[in-house]
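As written in TrEMBL, here are the features:
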DOMAIN    27-334  domain 'Glutamyl/glutaminyl-tRNA synthetase class Ib catalytic'
MOTIF     33-43  motif ''HIGH' region'
BINDING   34-36, 40-46, 229, 258-259, 266-268  ATP binding site
BINDING   66, 210  L-glutamine binding site
MOTIF     265-269  motif ''KMSKS' region'
DOMAIN    337-437  domain 'Glutamyl/glutaminyl-tRNA synthetase class Ib anti-codon binding'
DOMAIN    455-527  domain 'tRNA synthetases class I (E and Q) anti-codon binding'
Ligand code: ATP
Ligand code: MG
C-alpha cells in the first residue's frame with residue numbers, strides 16, 4: 001500500500017475504533033464470496049481492501065464462503081477462489097463456510113420464533129410479494145402473521161424434517177409491514193429447497209436466505225469491521241435488527257462503492273452467460289475481467305494490487321477507465337519483463353555484404369531496467385533476417401526513422417545497416433529488401449562514428465522459431481455493455497486476432513512465471529495452450545495506450 005495517500009473512510013473508522021479500544025484493539029475483517037463463479041477484478045478490490053486493512057492494522061482476515069444457495073454453487077468455484085486470493089498475495093486466517101453455521105442459524109431462527117419475532121407462512125410467493133405493499137403504501141398482514149409461537153415452532157421443525165415440498169412454507173421475520181424500508185417488511189428468513197449442497201450434502205432441505213445468514217455469520221466470527229458494497233446499505237437495518245433481537249455479537253457493517261469499469265461487465269451472472277454461451281473460451285479467457293483471465297493474459301499480482309490502491313475506496317459509485325488497469329500492468333512489466341525480439345508481420349531483409357553461410361552470436365541483456373540486466377541471452381545473427389513489414393517504407397516521410405531506400409537504421413543488439421534496394425511482386429507488394437551492413441558498428445563495440453536515429457528489431461531467418469501470437473482488444477464495443485438491452489450484442493467481433501510470428505530462439509525457454517517484452521511490440525506471456533509442438537503467446541498489453549485516443 002502507498003503510505004503517502006490520505007486515509008480512506010474505513011481506515012479512519014478503524015483508527016478511531018483502535019483509539020477508543022472499541023473492539024479491544026482487534027481488527028478482524030473477512031472476504032465473503034459466494035462460490036457461484038470465478039472472482040473478477042471487482043472482487044480484487046474487495047480482497048485488497050479487506051486483507052489490506054488487516055495487514056495495515058495488525059489484524060486478520062477470514063475467508064468465508066457464503067454458501068447458502070446450493071443450486072448455483074460448486075467446489076470448482078471454491079477452489080478457484082482460494083487459488084486466486086493466494087495468487088494475489090494474500091493469506092487468510094481461517095477458511096470458513098456459512099454452511100458450517102446452518103445448525104446455529106437454525107437455532108437463531110428458533111430464538112426469534114420463541115420471541116414472537118418470526119413466523120411460518122404458507123402464502124404463495126406472489127401473495128407474499130403483493131401483501132408487502134409498495135414503497136408508498138404499507139403492506140397488509142397475511143393470515144399467517146397471527147399464528148401462535150407453538151404452531152410456528154412445530155411447522156418450522158417439520159420444514160426442517162422434510163415434511164413439505166419446495167416452496168410450500170417459508171419462515172419470515174415479524175418486523176414492520178409499514179416500514180419505509182421494504183427489506184424490513186417481514187423479510188423471508190428460510191425457504192425449503194430439496195437440493196444437494198456441495199458441503200452439507202442432503203442434511204438440510206431448508207436453507208437460510210442470504211440476508212439471514214450474512215450478518216449472523218459475521219457475528220458468529222466476531223468480525224469487527226464488516227466491509228461490503230453499497231447495495232447492502234438498505235439491508236443494514238435488517239442485519240442490525242437480527243443481531244439485536246437474537247442477542248449476538250454486534251458486527252458493524254460499512255459500505256463502499258463497488259468497482260465498475262468501462263468496456264466490460266462485472267457481474268458473475270453475466271460472465272457466466274459468456275462462458276455458457278461459449279462466447280469466450282472459459283472463465284479464464286484472457287479477455288475476461290476475471291482474476292484467472294487477467295492472470296492468463298499476463299497481468300501480475302503486483303499490478304492488480306497497485307490498481308486497487310490507485311482507485312481508492314469511496315462511498316460514491318463511479319466508473320474506472322479500463323486503461324488505468326492497463327497502465328498499472330505496463331508500469332509493473334516495464335520493470336520486470338525480460339526483453340526479447342519477435343516479428344509479428346514479417347518481411348525478409350538480406351544483408352548483401354554479409355557472407356553467405358556465416359553466422360555469429362550476439363548478446364542481449366534480459367532486463368535493461370535493472371542493474372546487471374538480470375543476465376543475458378544469446379541471439380543468433382546471419383545474412384537473412386525477418387523484420388517488421390511496417391519498418392520499411394518505399395516512400396518515407398522525412399520523420400520516418402526506420403528503413404527506406406538510402407536510409408540507415410540500427411538492428412537492435414547488432415549492426416547499423418543501410419537500405420540499398422528492394423523487390424516487389426507482380427501485385428506491387430514488397431517481398432524482399434536488400435541492405436549492406438557496417439562491420440565496425442557492432443553494438444557495444446561501435447567504432448564507426450555513424451549516428452542513426454532509429455533502431456529496429458529482427459529475427460535471423462535460419463534460426464527463427466515460430467509461435468502463435470494472440471492479440472487482444474476490448475471484449476465489448478461500448479463503454480457500458482450492461483446498460484444495453486442485450487449486453488451480448490455489443491461484443492467486439494475483433495477482440496481476438498491470432499497470428500503466426502517469428503520469435504528469437506531463446507523464447508523456447510519462456511515460462512509462464514514471467515512477462516516478456518517483445519521489443520517495440522508490447523508485453524506478452526506464454527499461454528497455457530503452449531505445448532512441445534507449438535508455443536502460444538498472449539499479448540498482455542501494448543507498449544502505449546492506443547485506445548485512449550480513439
Ligand atoms: P457479482 O455481482 O459480480 O456476482 P457478488 O457481489 O454477488 O458479485 P460475492 O461473491 O457475493 O459476489 O462477493 C464477494 C465480495 O466481493 C462481497 O463482499 C462483495 O461486496 C464484493 N464485490 C463483488 N463485486 C464487487 C465489485 N465490483 N467491487 C467491489 N467489491 C465487489
Ligand atoms: Mg453476492
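Cβ coordinates come from backbone N, Cα and C, glycine included.
Those TrEMBL annotations? Automatic predictions, nothing curated.
DSSP labels the residues of the domain 'Glutamyl/glutaminyl-tRNA synthetase class Ib anti-codon binding' (337-437) in these numbers: 3 helix, 53 strand, 45 coil.
In the predicted structure, the motif ''HIGH' region' (33-43) carries a mean pLDDT of 96. Secondary structure of the motif ''HIGH' region' (33-43) per DSSP (helix as H, G, I; strand as E, B; remaining residues coil): 3 helix, 1 strand, 7 coil. Contact annotation for binding-site residues (34, 36, 41, 229, 259) versus ligand 1: 34, 229, 259, each with CB under 6 Å from a ligand atom. By the rule that a residue counts when its Cβ sits under 6 Å from some atom of ligand 2, the binding-site residues 34, 36, 45, 66, 229, 259 yield 34. For the pair residue 43 (ATP binding site) and residue 66 (L-glutamine binding site), the C-alpha distance works out to 14 angstrom. Each residue in the domain 'tRNA synthetases class I (E and Q) anti-codon binding' (455-527) gets a DSSP state, and the totals come to 15 helix, 30 strand, 28 coil. Across the fold, the C-alpha of residue 41 (ATP binding site) and the C-alpha of residue 210 (L-glutamine binding site) stand 23 Å from each other. Around residue 66 (L-glutamine binding site), the C-beta neighbours below 8 angstroms that are at least 6 residues distant in the chain are 32, 33, 34, 35, 98, 210, 213, 214, 217.
Shown for the motif ''KMSKS' region' (265-269): DSSP residue counts in helix, strand and coil, namely 2 helix, 0 strand, 3 coil. Secondary structure at residue 229 (ATP binding site), taken from DSSP and collapsed to helix, strand or coil, is strand. DSSP assigns residue 259 (ATP binding site) to coil in the three-state reduction, placing it in neither a helix nor a strand.
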